[in-house]
Protein chains: 4
Amino acid sequence: MYFKDIDKIAFDPSQVENPLTFKHYNANEVVAGKTMAEHLRFAACYWHNFCWDGADVFGQGTFGREWLKISDPMAQAKAKADAAFEFFSKLTIPYYCFHDVDVSPEGNSIKEYVDNFAQMVDVLEQKQAETGLKLLWGTANLFSNPRYAGGAATSPDPEIFNYGATQVFHAMNATKRLGGENYVLWGGREGYETLLNTDLRQEREQLGRFMQMVVEHKHKIGFKGTLLIEPKPQEPTKHQYDYDTATVYGFLKQYGIEKEFKMNIEANHATLAGHSFHHEIATAVSLGIFGSIDANRGDEQNGWDTDQFPTNVEELTLVMYEIIKAGGFTTGGLNFDCKLRRQSVDLQDLFIGHIGGMDHMAIALKKASKILENDFLAKKVAERYKNWNGQLGSSIMKGESSLEQLAQLALDNNISPAHKSGQQEMLENRLNQVLFS
Amino acid sequence: MYFKDIDKIAFDPSQVENPLTFKHYNANEVVAGKTMAEHLRFAACYWHNFCWDGADVFGQGTFGREWLKISDPMAQAKAKADAAFEFFSKLTIPYYCFHDVDVSPEGNSIKEYVDNFAQMVDVLEQKQAETGLKLLWGTANLFSNPRYAGGAATSPDPEIFNYGATQVFHAMNATKRLGGENYVLWGGREGYETLLNTDLRQEREQLGRFMQMVVEHKHKIGFKGTLLIEPKPQEPTKHQYDYDTATVYGFLKQYGIEKEFKMNIEANHATLAGHSFHHEIATAVSLGIFGSIDANRGDEQNGWDTDQFPTNVEELTLVMYEIIKAGGFTTGGLNFDCKLRRQSVDLQDLFIGHIGGMDHMAIALKKASKILENDFLAKKVAERYKNWNGQLGSSIMKGESSLEQLAQLALDNNISPAHKSGQQEMLENRLNQVLFS
Amino acid sequence: MYFKDIDKIAFDPSQVENPLTFKHYNANEVVAGKTMAEHLRFAACYWHNFCWDGADVFGQGTFGREWLKISDPMAQAKAKADAAFEFFSKLTIPYYCFHDVDVSPEGNSIKEYVDNFAQMVDVLEQKQAETGLKLLWGTANLFSNPRYAGGAATSPDPEIFNYGATQVFHAMNATKRLGGENYVLWGGREGYETLLNTDLRQEREQLGRFMQMVVEHKHKIGFKGTLLIEPKPQEPTKHQYDYDTATVYGFLKQYGIEKEFKMNIEANHATLAGHSFHHEIATAVSLGIFGSIDANRGDEQNGWDTDQFPTNVEELTLVMYEIIKAGGFTTGGLNFDCKLRRQSVDLQDLFIGHIGGMDHMAIALKKASKILENDFLAKKVAERYKNWNGQLGSSIMKGESSLEQLAQLALDNNISPAHKSGQQEMLENRLNQVLFS
Amino acid sequence: MYFKDIDKIAFDPSQVENPLTFKHYNANEVVAGKTMAEHLRFAACYWHNFCWDGADVFGQGTFGREWLKISDPMAQAKAKADAAFEFFSKLTIPYYCFHDVDVSPEGNSIKEYVDNFAQMVDVLEQKQAETGLKLLWGTANLFSNPRYAGGAATSPDPEIFNYGATQVFHAMNATKRLGGENYVLWGGREGYETLLNTDLRQEREQLGRFMQMVVEHKHKIGFKGTLLIEPKPQEPTKHQYDYDTATVYGFLKQYGIEKEFKMNIEANHATLAGHSFHHEIATAVSLGIFGSIDANRGDEQNGWDTDQFPTNVEELTLVMYEIIKAGGFTTGGLNFDCKLRRQSVDLQDLFIGHIGGMDHMAIALKKASKILENDFLAKKVAERYKNWNGQLGSSIMKGESSLEQLAQLALDNNISPAHKSGQQEMLENRLNQVLFS
């Protein structure tokens with residue numbers, strides 16, 4: 001037991017000063033027709049919680065996690081799994097997520113990699129059975145090993161592409177075996193450091209082919225989950241190919257695979273790309289490619305991926321509003337791709353960060369549900385665009401009008417349309433009324 | 001004559017202290033097989049130079065342009081044309097660009113708009129004949145009039161869409177009649193201020209249909225020029241649909257019009273979108289949708305569109321390198337979408353800004369040509385990706401490999417590929433050797 | 001009457017769908033020992049509400065305000081005052097703020113400026129008497145007129161400095177006469193566009209002398225209010241001298257006037273400077289120079305001054321927490337330096353924007369008061385730094401230790417201190433518990 | 001020998017394709033009255049080059065440096081010194097810089113730290129004697145060890161302050177002994193992660209006292225070099241107290257030590273603070289606190305400290321112009337606080353990066369010298385402000401005028417001053433004429 005002083009986290013809003021209870025997340029409470037657990041589908045991640053020891057570019061690890069002090073790689077991997085599943089269970093979170101090399105040592109050869117991973121998938125399978133935990137998604141880490149310094153699928157070296165393909169093969173198979181509901185691709189170093197040495201077209205073709213192979217493999221093995229791409233604009237590379245949702249959409253269309261992938265949207269990646277989190281969610285929904293969420297936040301004044309626990313209830317409410325309105329998650333969920341601040345060195349901080357994230361999402365769910373009861377946003381939107389259901393609007397949208405006809409019509413009718421108030425301030429006030437009522 | 005103290009600008013590098021001569025731009029000098037004029041295809045714009053009087057959000061106009069003091073709208077429009085063509089001719093710039101309402105008063109009704117514009121197109125036609133000036137591109141302003149406060153093609157009101165369609169109809173026809181080589185669409189307010197009142201899917205559909213109508217009209221009237229879309233991420237709206245090249249590409253694919261449009265890339269829009277100017281050019285080239293350029297620059301520390309004259313020769317060199325390597329401009333060119341600093345109130349500053357822009361692009365052309373003589377960049381790229389021409393690489397790119405086969409291959413061969421240096425620093429040094437030799 | 005369909009705004013939380021009532025701001029409700037009105041000291045501004053017609057850099061005014069359609073300048077100024085005071089009264093806001101040229105036409109000479117302003121100060125004095133409105137602060141606009149294109153106090157031309165000094169002389173006198181509680185200096189164009197033509201030291205000396213003259217004049221006329229400087233980092237200029245609170249503090253120290261000025265902190269200026277609003281408030285408080293607030297917000301994705309109405313209750317709560325903890329406002333207050341979105345063209349939007357701003361600040365006040373009841377933040381801080389009250393800490397802070405002594409002490413005691421958790425996540429959760437309880 | 005395939009780098013512009021020769025830096029060539037070596041005073045750093053193995057937040061080290069593979073700490077430290085001095089010598093760079101823990105293992109106790117450092121200072125002293133290398137500056141690393149997670153001088157724990165004081169004591173003494181010409185303080189974690197747990201006033205007082213102790217110790221030991229503070233706005237912390245030059249100036253004034261410190265300005269820190277590199281240099285010069293430079297660059301599209309080798313000759317030229325105009329470096333110099341791209345894994349890349357940095361600074365020096373020959377910038381500035389030497393200007397600056405007098409004077413003379421063109425575009429063109437002639 002790594003967290004021996006900590007019991008299973010309970011819902012108990014009365015314990016105001018106890019940081020180790022949920023104040024809002026009550027798994028079985030029904031909101032808008034489903035339980036909170038069904039709506040929110042929370043997952044915790046392996047990497048930040050169990051593989052990272054608090055190091056940053058300017059300093060060494062601060063956490064001193066016991067399970068990372070074990071020197072034998074496989075023994076460490078098993079200790080990590082013990083710690084992880086103890087944590088997941090005590091947190092009462094239903095799902096988890098991992099990269100291949102989070103759970104299993106890379107070894108000194110590709111054979112060792114394959115063997116280690118196979119062993120650890122057995123361990124994970126058993127842990128899942130023991131605890132009831134489920135796998136929200138699996139993925140392969142194609143960015144940490146030095147071989148991937150110049151990218152994996154977009155590497156200038158086809159053997160490195162091959163190595164990456166091998167990892168994805170095994171990670172997809174493992175995800176299927178562990179009942180994972182999605183498989184994620186995040187192109188950590190699929191981008192460039194400088195255009196001076198980069199062939200954009202070549203790298204894009206490589207990435208396109210790689211993704212097609214992933215689709216083919218999915219169908220071959222009969223994986224029923226969803227394939228997810230996670231956009232990020234930069235960091236670690238100067239510029240990454242999966243910049244944002246709109247960019248990935250164009251890429252998917254180019255390679256004819258837009259029906260095969262959905263988006264795993266991370267809040268902090270959205271803001272690094274110059275968008276709000278809400279924007280990325282709404283864009284993905286509007287394009288029919290919304291899938292899942294990496295719930296976290298960036299710092300509004302810092303230009304790198306801080307991966308903080310989500311705290312901004314206003315934004316989270318709008319995100320939950322979009323998701324519920326679009327029918328809710330199917331295979332996706334809310335994964336906390338969050339890391340503790342490097343100063344938060346107590347073991348219980350790991351719980352407190354997640355409890356906050358879960359509580360803030362639960363508040364957001366309740367507030368979104370409140371909006372939906374009498375949806376002033378949807379009413380305003382419907383009223384604002386209503387003339388597009390009229391004769392002129394319909395005829396335009398059906399493709400029945402030409403520029404010439406419209407120009408003639410305008411002249412014939414001497415049209416002089418005027419802008420109507422967008423009432424942004426009114427809507428902002430209404431939203432805060434719901435948030436703070 | 002509005003610029004009576006200024007003569008035609010000549011190429012004369014010897015007059016170091018005279019700001020009114022070209023030091024590098026020598027129109028007929030041959031570089032890399034074509035004259036500078038043929039390579040660079042410079043244009044000056046109507047709006048910043050002849051319609052704007054130096055006002056900004058915090059203050060009134062400072063320029064006191066004589067032609068803007070004329071109160072009768074049509075008389076002012078004609079005076080503006082006089083000033084513009086005098087300026088263009090003295091600058092010896094071969095092309096110009098305009099919006100419909102730059103050259104012609106909007107009037108008090110759509111009929112007046114149409115009549116005024118028809119008259120002014122006659123004036124422009126005559127001016128072109130007299131001076132030999134050519135039209136690089138025309139466009140319609142669907143963002144300044146209050147009716148477009150909530151967008152034009154993406155307006156919630158189909159009558160406003162209709163008004164915009166009418167303007168584009170007339171502006172396309174005028175562009176064709178004036179021999180324009182391209183027609184540009186910049187969606188100044190096609191975006192949103194707040195998601196709270198916005199239907200992203202509806203607005204996208206409207207914009208898609210609008211662009212299709214533009215394509216249909218082009219073919220109907222037999223316009224032989226190129227249709228160009230100009231991406232911009234934000235400002236004046238919070239978020240604009242034509243965010244950047246990659247976003248527009250996805251949009252074009254969605255509406256099946258990706259072969260009908262090319263990109264008009266503006267340097268300052270690139271940087272507002274979080275990209276380098278070079279990135280946007282290289283991306284458009286790699287996607288086969290590069291068209292034309294709005295040459296300017298933003299301020300690296302300011303977050304709005306400063307539209308300064310281009311001065312960064314290093315970046316301009318890389319841009320010219322990409323363009324020449326891709327075969328050079330076809331119908332596109334280098335339009336100076338630049339405005340003077342509000343403090344630059346002398347009439348001659350208008351010339352000096354453009355002379356600088358033209359000289360800096362000319363240096364960039366010469367430096368790019370120097371790189372291409374013995375293309376160390378292309379050589380490095382070819383060498384870096386050479387294994388993609390080998391057996392493994394070819395087989396992957398031809399679609400002959402599956403993840404499973406590659407995973408097996410990796411294991412069989414016990415592959416252990418290592419990253420090779422990207423030599424970024426070496427390439428940066430070589431580039432500066434060319435720039436400062 | 002310009003707002004004839006709108007009655008005095010009342011506190012009535014029951015009218016959920018009526019945007020024209022306060023839901024939280026109840027002027028006479030007592031919170032933390034004072035009425036809301038006493039705590040919040042709200043002011044509305046003249047410039048955005050009554051001088052601006054909705055124009056931006058890309059388009060014309062959209063509002064069509066009746067009072068701006070009057071062509072005679074003095075008649076327009078009086079109409080503006082009618083509109084303004086009708087609005088202030090109906091809004092039930094206790095204070096207002098203005099620039100000299102907001103309320104009075106500049107005229108065609110300095111004499112006309114002085115005469116017009118004198119007349120309009122009479123008008124304002126009478127309006128104040130009639131309505132009970134009070135002046136939070138006055139200021140002079142030294143940035144809109146073309147003469148100030150290169151700065152006022154920092155102009156390269158001493159006559160322009162002189163013109164600015166004249167305006168400040170009259171604006172300070174007017175502020176005193178109207179019972180203004182503060183006088184503000186915002187250096188709209190006191191900065192540079194390019195270092196190439198700028199003498200930083202000279203301009204700093206000019207600004208230093210200008211501010212000293214302001215102090216001297218204050219004492220000479222016996223103005224009892226507070227002098228406030230409003231920092232802003234850029235826009236309209238590339239770089240402004242009053243960049244942020246820390247920069248202004250250094251400037252004040254350099255010219256020996258740090259006891260004579262306090263800060264007027266604007267939320268949107270804070271974020272443009274790369275700081276949170278909370279940071280700027282906390283910094284000013286910690287330096288003993290906090291004065292007043294321009295309450296608004298920027299857009300998190302846009303790089304210019306959007307001056308939106310404040311909506312972020314979380315941040316506003318922290319701001320109110322800092323202010324109350326520091327003793328509350330003295331002469332300062334919360335001025336809404338906010339402008340409507342250009343799309344919000346209805347007259348009632350002007351009310352709705354302010355109602356929202358006032359309600360959101362009122363929520364923030366109530367939440368801040370809630371925190372202060374049992375101040376978990378202060379307790380955590382006290383506990384975190386408690387050892388600075390111990391022997392070692394005291395001796396260091398009293399200046400009794402040298403590096404050498406400390407180095408010896410460390411060795412003698414073989415010290416090995418360890419970092420303790422900063423518990424950021426716990427505090428964030430506690431804060432949200434208060435906000436969403 | 002770690003770099004056995006690499007000879008001493010020579011000046012040889014003829015070897016265009018050989019990346020291992022200088023093309024512009026010719027140490028003994030005289031420019032503007034001094035040799036290049038005397039002007040530029042280049043230094044290389046220990047940390048990025050010899051302590052870092054290419055790891056970043058997303059991946060492991062890629063460089064595989066031989067000297068870092070040695071497991072015994074002191075043996076590794078000596079091997080590092082061998083590698084470092086071999087490199088410095090072959091690069092022909094005259095100076096180096098280090099942190100205490102770059103050169104010496106921290107050990108398991110403060111005593112071990114002191115002993116190890118003493119031994120390694122002996123090693124460095126001998127290396128300097130053997131090679132002729134000199135120490136530009138020394139410093140202490142108070143940010144990497146976990147104990148400093150919450151700051152050193154600004155730690156909530158006075159024992160941690162004490163530990164930091166001990167390191168600075170030894171590092172200052174070592175710097176003096178090694179003939180270092182400056183001592184640098186960079187407050188890596190002197191800032192905050194969240195205001196929720198931070199007492200800004202307390203931490204500022206601690207930092208003030210710490211810096212006073214540094215000053216006292218300097219005088220006590222008779223260190224003749226310069227004390228330098230290096231501003232940085234954020235990263236690793238959310239917000240750092242030494243934000244930028246202006247902020248540090250205010251801090252120095254507050255604690256009465258503004259004559260005791262000068263600035264060590266890093267290009268990438270300037271841009272992270274929202275300033276140009278040129279701005280920070282010019283600001284420091286104008287305040288009389290310019291000291292030294294950490295020459296590097298950030299990526300214009302990335303929001304973290306990329307520490308790339310400087311390549312932007314335009315900006316570097318302006319920086320060298322400011323420095324030479326201000327009299328040149330005294331004890332300061334140009335330290336390359338630069339790291340290779342993680343992809344640049346060849347040993348020779350370490351040379352190539354530095355060769356580029358030195359060559360680009362040499363070009364900048366030559367270009368700056370060219371400007372100074374006939375200083376069109378200084379002439380423009382002198383002419384622009386010339387009226388401040390006239391009667392009105394002088395009287396204002398001497399403090400002889402009051403607002404009232406100036407207001408009367410303005411009225412008496414009916415002044416109507418007009419803005420004159422700032423000629424920014426002309427100056428930008430002239431600058432590029434020099435850069436590309």
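Every residue, even glycine, has its Cβ placed from backbone N, Cα and C.
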- If TrEMBL gives B:GLU266, B:ASP294, B:ASP337 as binding Mg(2+) 1, which of B:GLU216, B:GLU230, B:GLU383 does it give for that site as well? B:GLU230
- Message: Through the lens of DSSP with three states only, how would you label B:ASP337 (Mg(2+) 1 binding site)?
- Response: coil
- Task: Tell me, if you would, which residue among B:HIS99, B:HIS269 (recorded positions) has the fewest other CB atoms within 10 Å in the structure shown?
- Result: B:HIS99
- Message: I'd like to know which of the recorded positions B:HIS99, B:ASP102, B:ASP307 sit within 10 A of B:GLU266 (Mg(2+) 1 binding site) at the Cα level.
- Response: B:ASP307
- Item | Pairwise CA distance, B:HIS269 (Mg(2+) 2 binding site) versus B:ASP102 (active site), rounded so that it is a whole Å | 21
- Query: Near B:ASP305 (Mg(2+) 2 binding site), which residues of its chain come within a Cβ-Cβ distance under 8 Å, counting only those 6 or more away in sequence?
  - Reply: B:LYS232, B:GLU235, B:ASN268, B:HIS269, B:LEU272, B:GLY298
- Message: I want the residues beyond B:GLU230, B:GLU266, B:ASP294, B:ASP337 whose C-beta is within 8 angstroms of the mean position of the Mg(2+) 1 site's C-beta atoms, in chain order.
- Response: B:TRP186, B:LYS232, B:ASN264, B:ILE265, B:ALA267, B:ASN268, B:HIS269, B:ILE293, B:ASN296, B:ASN335
- Task: For B:ASP307 (Mg(2+) 2 binding site), just count the other CB atoms lying within 10 A of its CB, please.
- Result: 22
- Message: Using the CB centroid of B:GLU266, B:HIS269, B:ASP305, B:ASP307 as the Mg(2+) 2 site centre, which other residues of the same chain sit with their CB within 8 A?
- Response: B:LYS232, B:ALA267, B:ASN268, B:LEU272, B:ASP294, B:ASN296, B:GLY298, B:THR306, B:ASP337
- Task: Compare the Cα of B:ASP307 (Mg(2+) 2 binding site) against each of the recorded positions B:ASP102, B:GLU230, B:ASP294, B:ASP337 and report the nearest.
- Result: B:ASP337
- Task: Please work out the number of neighbouring Cβ atoms within 10 Å of the Cβ of B:ASP102 (active site), leaving out its own Cβ.
- Result: 23
- If you measure between the CA atoms of B:GLU230 (Mg(2+) 1 binding site) and B:ASP102 (active site) and round to the nearest Å, you get 18
- Task: Fewest other Cβ atoms within 10 Å: which of the binding-site residues B:GLU230, B:GLU266, B:ASP294 wins that one? Let me know.
- Result: B:GLU230
- Give me the non-local Cβ neighbours of B:ASP337 (Mg(2+) 1 binding site): same chain, 6+ apart in sequence, Cβ-Cβ under 8 Å, ordered along the sequence. B:CYS45, B:HIS48, B:GLU266, B:ASP294, B:ALA295, B:ASN296, B:ASP307
- Note on the structure: Per DSSP (helix/strand/coil reduction), B:ASP102 (active site) sits in helix
